[in-house]
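Engineer: Sharing the feature lines straight out of TrEMBL:
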BINDING   F:His100, F:His102, F:Glu107, F:His146  Mn(2+) binding site
BINDING   F:His102, F:Glu107  oxalate binding site
DISULFID  F:Cys23-F:Cys38  disulfide bond
DOMAIN    F:52-198  domain 'Cupin type-1'
SIGNAL    F:1-17  signal peptide
6 protein chains.
Amino acid sequence: MLHILFVLSFLFCLSHAAVQDFCVANLKAPEGPAGYSCKKPKIVTVDDFVFSGLGMAGNTSNIIKAAVTPAFAAQFPGVNGLGLSMARLDLAPGGVVPMHTHPGASEVLVVVQGSITAGFISSANTVYLKTLKKGDIMVFPQGLLHFQINARGIPAVVFVSFSSSSPGLQILDFALFGNNLPSALVEKTTFLDDAQVKKLKAVLGGSG
Amino acid sequence: MLHILFVLSFLFCLSHAAVQDFCVANLKAPEGPAGYSCKKPKIVTVDDFVFSGLGMAGNTSNIIKAAVTPAFAAQFPGVNGLGLSMARLDLAPGGVVPMHTHPGASEVLVVVQGSITAGFISSANTVYLKTLKKGDIMVFPQGLLHFQINARGIPAVVFVSFSSSSPGLQILDFALFGNNLPSALVEKTTFLDDAQVKKLKAVLGGSG
Amino acid sequence: MLHILFVLSFLFCLSHAAVQDFCVANLKAPEGPAGYSCKKPKIVTVDDFVFSGLGMAGNTSNIIKAAVTPAFAAQFPGVNGLGLSMARLDLAPGGVVPMHTHPGASEVLVVVQGSITAGFISSANTVYLKTLKKGDIMVFPQGLLHFQINARGIPAVVFVSFSSSSPGLQILDFALFGNNLPSALVEKTTFLDDAQVKKLKAVLGGSG
Amino acid sequence: MLHILFVLSFLFCLSHAAVQDFCVANLKAPEGPAGYSCKKPKIVTVDDFVFSGLGMAGNTSNIIKAAVTPAFAAQFPGVNGLGLSMARLDLAPGGVVPMHTHPGASEVLVVVQGSITAGFISSANTVYLKTLKKGDIMVFPQGLLHFQINARGIPAVVFVSFSSSSPGLQILDFALFGNNLPSALVEKTTFLDDAQVKKLKAVLGGSG
Amino acid sequence: MLHILFVLSFLFCLSHAAVQDFCVANLKAPEGPAGYSCKKPKIVTVDDFVFSGLGMAGNTSNIIKAAVTPAFAAQFPGVNGLGLSMARLDLAPGGVVPMHTHPGASEVLVVVQGSITAGFISSANTVYLKTLKKGDIMVFPQGLLHFQINARGIPAVVFVSFSSSSPGLQILDFALFGNNLPSALVEKTTFLDDAQVKKLKAVLGGSG
Amino acid sequence: MLHILFVLSFLFCLSHAAVQDFCVANLKAPEGPAGYSCKKPKIVTVDDFVFSGLGMAGNTSNIIKAAVTPAFAAQFPGVNGLGLSMARLDLAPGGVVPMHTHPGASEVLVVVQGSITAGFISSANTVYLKTLKKGDIMVFPQGLLHFQINARGIPAVVFVSFSSSSPGLQILDFALFGNNLPSALVEKTTFLDDAQVKKLKAVLGGSG
């Protein structure tokens, strides 16, 4: 019978499956530059590879009339180390996902409901801008400023994929106005007027 | 004014934008291990970053009642070198995407219509199997055998993302029965019976 | 004297040697996406970098008349993180290494005794098939189905190298017939007949 | 004599030196995702690996009283494919390198004259801010917004290194106000007031 | 208000910031092939990203009249996993950084004081040699033998950057003469005379 | 029939097979940092993936009584971009592969005939030394000085694998004594005596 080969392959495969097939994140163990530590393969189940958190609309009752629901390694441990992750965007009529970057990944999105206008700006300072209809996909190269806005009077639903299990998200307004970066430094490094900076810091809970 | 810095940054950025921000595939130029050569940035437009080919259902009038529509670098040049790509799966009632692998990428899918049952098998020979409803996402680690089948009596639509701009697709039945690999070798390396191999070679157009 | 530079370099090198020169696997510590944790350099010896387990023939007294003996990171901790590993194939007369893939690595083999016929199938569904004599080497690109069979009436010995310290091994027959994947799903996703599936599940210890 | 080995090694090394030791950029040949094509090794000289363009101060007679002089692959072909590059920052008294990101690389700088205040903002929206004196070094993780300003009444000179041969540079004000991105979109995606946007577009030559 | 999005993004970003923005080395936790484990983001401060150890001259009162002061991940935890690091070279008149390699990184240096002669030798056995003045930069491809010597009668200061946070340093003379590698093996593998080997082993504290 | 899916998958797979499954080197087309350009898949045959040049012993009639026969991408185009390659070492009685490094790859070897003594030296200046018998394997981490010598009175045959398709080879004696690096610089950077340097330059054809 095949048992000798069977046992052989079964044993050595089990022993390093976590390293080579997958590495479901153990969010309590040490992290490294490549991602989270792996759960022991023997306690991994199919539910580690399935995530239902993108199934319902995010709450768009906010001034941007939009919501971003992430399925990164921190929310969806099954993608840890596999070089991809997802998120869901909900944009109510008039909704906007503000100017932002993903420092660690490129992004591709697909519009599954409604219509959006999306754009990004390159290092060469060229603007790439397009209105997308249901079924269209658009790619946003790594680390570049980009945004999405609802382009019609109906709610839009967009699924986004990333080239990293932890792409990160830096929302420009939070970075400039939602923390303790002194207003004087914001003004000096962005050329924005003091009144403008103070006004947005007040809205976004920034100090200094 | 900022012109000195402006000109400076504008010039050097333009000069290497293709290398660093993006590398839209020039399908006619030489390819390398990392992907296709890049189109000159000055002829790149937003339409290189947008693809509408996934907006319509693939033709499921075939015996698997399913269709796979790819948006890999070869179809969607904007993803070249960015470490991701997409595809659309359409599964009519009873439809199946047969057992297959992507040799070069991990995959994550999102169900946007209907319901599917999906599964993959690990190197440790464990089966990870789940029925997914609309909005569920599931990840399939790189290179492992996996499949999707329609789980309800209505058409299912699934968007798939990959961790490479050229993930490849090896469909088990085509690999075994759809080419000129001699039946004797198929049988010797798979333990399938001669009649079974001959039968499927006939269906799939294999010879030998 | 050189002692100042000597001590300097000695100290800082020791302190991060594990990170940069090598990372001998500590199979008991947490694993991450990039591999196993490292043993402390001070307890690493030359024996961590040497493995004798490929020196003797594997047991080919099984129905495939073949044996695969791995020297992956799980068996040979010294290769952890170095991007390579090895294995030994023994093929008795009539022996076959069945159709399989390595999800995480490309493979190159060298025939050191006897003769084998080896082949792989590409994503483009082309078959690359060759009979190899002693001293010939052949490369198998990552993730593609491939096999090796004894091509003469004498035992064959083959050494195999991989481009990862944990390449994984997915043997087609085990994946389809050696686990609890329901027969109905195997049949639906492979188009194999029920009798064929049941027959091989019986041989390979599969259930369902 | 060693000639047989000598000739052997000499030949095969020459034949692939460009691929493996270095790949000096040929700025006229096709580019790929990994960088520029390589000059033929036989025409490469030491001057391809040396760059003198950072030896003189950049022109700081501009409203930011600062200059950025890059030595990326496009200016310094010797770094192509080697995973690093450099730049020089000159900051006159009152000078500022405005808020910007490098989409493709992390950055480390060393202050060689004067003193600067530098900071970056993380995805978690934490501000990391420090005043640096001559000889201090500071690292800025990939893709995050950061800036540098002169911290004393004397000119500052800073050398910057990157973890890519083409790190890119996206200066926030140019991205928002120095191109044809419509003011309405800038306002909608940044919450800046119309007057503020129009004012900066006027300064930075933006339209729309 | 933006609070819903604000809280959302704040939470998930914090939760994986270490993985994706940065991974400040925790020198006491397990190491992996990709680097050291990460400190918890909440205890990371700006001082983790700043290093002052390169601000003062290294001690050149030694027979090579030179000093190498590293700022690798082991000394400067903030660079861990970011793909870069630095070092400072001080060369008194007559000083020399002896022939050495960095097994894990390419190097680029900038001369900030004095003048040096630097060179490297390629796999094709070509010598690339240049005398560099203040402000010149030179790149040394990964893993190749190279050296730097003071080229004038005044002290030289050089800042060096690497394409890895742990580039390693193998100084030829220490490797050959500063350890317990038996003299007979040194002689057999380098063709150096016994007297020469013994003489340098005596200087460098080697045994055997 | 499956033809619709069949044709679909066949077409798009063919179109990017070179990028994703393999990239057989076209030695006449431009090279990039990731390797050689790819031959068009339609002209690739199985012979591109098979190499017979390691089947015969290298010529060991030289003063080192050894020969190195490479199967790198430049000799064996099929490995281009796949992250591995091979070489054959022949060591006659008394033969030695002199101290050398591979700047671009780690190495694992298997002894298939005779016995050798092999060793490497780490950045921490530790010597790892072992005598290997037939069937033993040993790994040498990337970029570190290492050597192999015949350990018995019979010819030894060793197959070597690398973690890169172009690992490079820098033989210490050629680098120091086989080129035009001035003797004065060799002496200053290695502390070798003038007579020793001149003697070996004479043997190895060095000038200066």
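Cβ atoms are placed via backbone N, Cα and C, with glycine included.
Help me picture these features in the structure, burial and contacts included.
Structural biologist: Counting Cβ atoms from all protein chains shown, F:His102 (Mn(2+) binding site) has 26 others lying within 10 Å of its own Cβ.
In this view, F:Glu107 (Mn(2+) binding site) is surrounded by 23 other Cβ atoms within 10 Å of its Cβ, with every protein chain counted.
The Cβ of F:Cys23 (disulfide bond) lies under 8 Å from the Cβ of F:Gly35, F:Tyr36, F:Ser37, F:Cys38, F:Asn80, F:Gly81, F:Leu82, each of which sits 6+ residues away along the same chain.
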Engineer: Return the residues near F:His146 (Mn(2+) binding site) by Cβ distance under 8 Å, restricted to its own chain and a separation of at least 6 in sequence.
Structural biologist: F:Met99, F:His100, F:Thr101, F:Glu107, F:Ala118, F:Gly119, F:Phe120, F:Ile121, F:Phe140
Engineer: Other than F:His100, F:His102, F:Glu107, F:His146, which residues of the chain come within 8 Å of the Mn(2+) site, judged by Cβ distance to the Cβ centroid of those residues?
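Structural biologist: Counting only non-site residues, the set is F:Thr101, F:Phe120, F:Phe140, F:Leu144, F:Leu145, F:Pro167, F:Leu169.
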Engineer: Would you identify the secondary structure of F:Cys23 (disulfide bond) according to DSSP, in three states?
Structural biologist: coil
Engineer: Out of F:Cys38, F:His100, give me whichever of these recorded positions has the highest number of other Cβ atoms within 10 Å.
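Structural biologist: Its Cβ has the most other Cβ atoms within 10 Å: F:Cys38.
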Engineer: Tally of helix, strand and coil residues over the domain 'Cupin type-1' (F:52-198) according to DSSP?
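Structural biologist: Summed over the domain 'Cupin type-1' (F:52-198), the classes give 22 helix, 56 strand, 69 coil.
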Engineer: Given binding-site residues F:His100, F:His102, F:Glu107, F:His146, which are under 8 Å from chain B when comparing Cβ atoms?
Structural biologist: none
